[in-house]
Structures are given as structure tokens and as C-alpha cells.
Ligand code: PEP
């Protein structure tokens, strides 16, 4: 039997290090009137730090939430160039990405640092979006589940299952990010099911409630098939979130009724 829950699908746009004041305003001018009509999907946008407050103002009359792409694991003080969780909360962020593969690969963020950032975000009242996923070499050598499980375990060890599921998990195979190569719906569902089952082994109800997003070259033409998988609860969208009509089409594809997941009861 399958379980169903009333959680909405969630679509998060990660603008990465792109945009300008003018480009952001123009993107939102096109996007917001369209997605304001979609009631059964939750949407968030993660602009670069310098634009958070102006984007917050532009989102003010909408239901679109604000998110940040990163945060410091430190609370405050002498950490030049860093941005704290409480600052992000203070300016209206609801979400923050943690452990994006670009942070792990290019900025040497390891599992322990990611777990610390996750805990710090939660304590400040933010919803951390924990990114996990394997490289191509790891997939080819059959290590996908081990890698993802280890990434989850680091956070589980730091905060426990009850707090882990206060966040969101984003499965993002590294080989699919920004490459145009998407996991097939079946490949993605297999890993999502593994994640949900792993969480269910510790707390079945918490696992059913936890939102697990897919990320990696999601586009308007593949979103629906991905989002229709029983354990995929929405998407983390990079490149396609920079184009208003592509992102709107992805949000439309996530418009669904109650989600049903695969955990047997
Ligand atoms: C991402 O940045 O998290 C991402 C999934 O990027 P893209 O959609 O461009 O692959």
C-alpha cells in the first residue's frame, strides 16, 4: 500500500551567480503574474546574496518564498565575507541551500561542514535544503546509494531524524547538474525511494512527510515525468530558473493534488 500526504510539491529556483538588478526585475515581472495563478505548488527563489533584499521586496505581494544559496556555519563575529543564518532570517529568507555540489566540489565543503550548516540554519528558523548526490564515477562504480546514505548520515548524526525532516532534501546527481543530462525518471525515482526508505527505517511518519526534490537539468519538457514519480516532491532548478517561461512551465508541471509516496504501510 502507498501513503499519501497533503504536502504540496515544492519548486526552488537556484539562480547561482547570475543576474543583475535589471535582469532580476525583468525576470520577476514576467514570472510572477503567471505563477501567482498556480495554487497547488510552493515556489521559492534563491538569488545571489547582494540581490536578496531587492528580490524580497519584489516578492512581497506574492506567495513566492525567498531562499539563499549558502550560509556560514558560524553564528557571528570575525568571519570576513561570510553571511550568517540569523542575517538571512532577518531579511526574510525562508529557505537556504546547504551542501550544493558546487559548494562541495569547488569550495571544499565536506559532510561535517554541511551538517553544521544544516543545524545552524534550522536553529535560526530557516528551512535548510540539503543537497545530496553522486558523481558520474561513483554512479558507474555502483556507489550511488552508499554516497547518498553517507551524506544523509552526516546530518542525521548532527541533528537526528526529527530535525532532518524539518528541512528539505534535494537529490542532485552531480553528473546531471548544468550538463543538460537528466537522470531518467526511473533513475531518479530509484534514488528517491532509497532515501525515503532509509528515513522510514528510522521514522516512518517523518519519512512520509519529508519533501525530496530532484535537481539536475530539469527543463519544461522533462519536468512532468520527473514530478509524477511517487517519491519526487518537486525540483531544484538551476539554469531553467533564469528563464521566466521555462521556470513557469516547470512550476506548472508540479501542480498536483496530494502527493502519494512509495512507503509501504
Ligand atoms: C542546481 O544548480 O541545483 C541545478 C540543478 O542546476 P541545473 O538545473 O542547471 O542542472
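Cβ coordinates come from backbone N, Cα and C, glycine included.
Per TrEMBL, substrate binding site is recorded for 14, 15, 16, 178, 217, 238, 239. Around residue 178 (substrate binding site), the same-chain residues at least 6 positions away in sequence with a Cβ under 8 Å from its Cβ are 217, 238, 239. According to DSSP, residue 178 (substrate binding site) sits in a coil region rather than a helix or strand.
Marked as active site, electrophile by TrEMBL: 100. When Cβ atoms from all protein chains are considered, those within 10 Å of residue 100 (active site, electrophile) total 27, not counting its own.
Residues annotated as active site, proton acceptor in TrEMBL: 172. In sequence order, 100, 101, 131, 132, 133, 214, 215, 216, 236 are the residues of the chain that are 6 or more apart from residue 172 (active site, proton acceptor) and have a CB within less than 8 Å of its CB.
Within the same chain, residues at least 6 positions away in sequence whose Cβ sits under 8 Å from that of residue 15 (substrate binding site) are 24, 45, 46, 47, 48, 69, 241, 242. Residue 14 (substrate binding site) falls within a strand segment according to DSSP. Shown are the binding-site residues 238, 239; the one with the most C-beta atoms within 10 angstroms of its own C-beta is 238.
Considering other CB atoms within 10 Å as the measure, the emptiest surroundings among the binding-site residues 14, 217 are those of 217.
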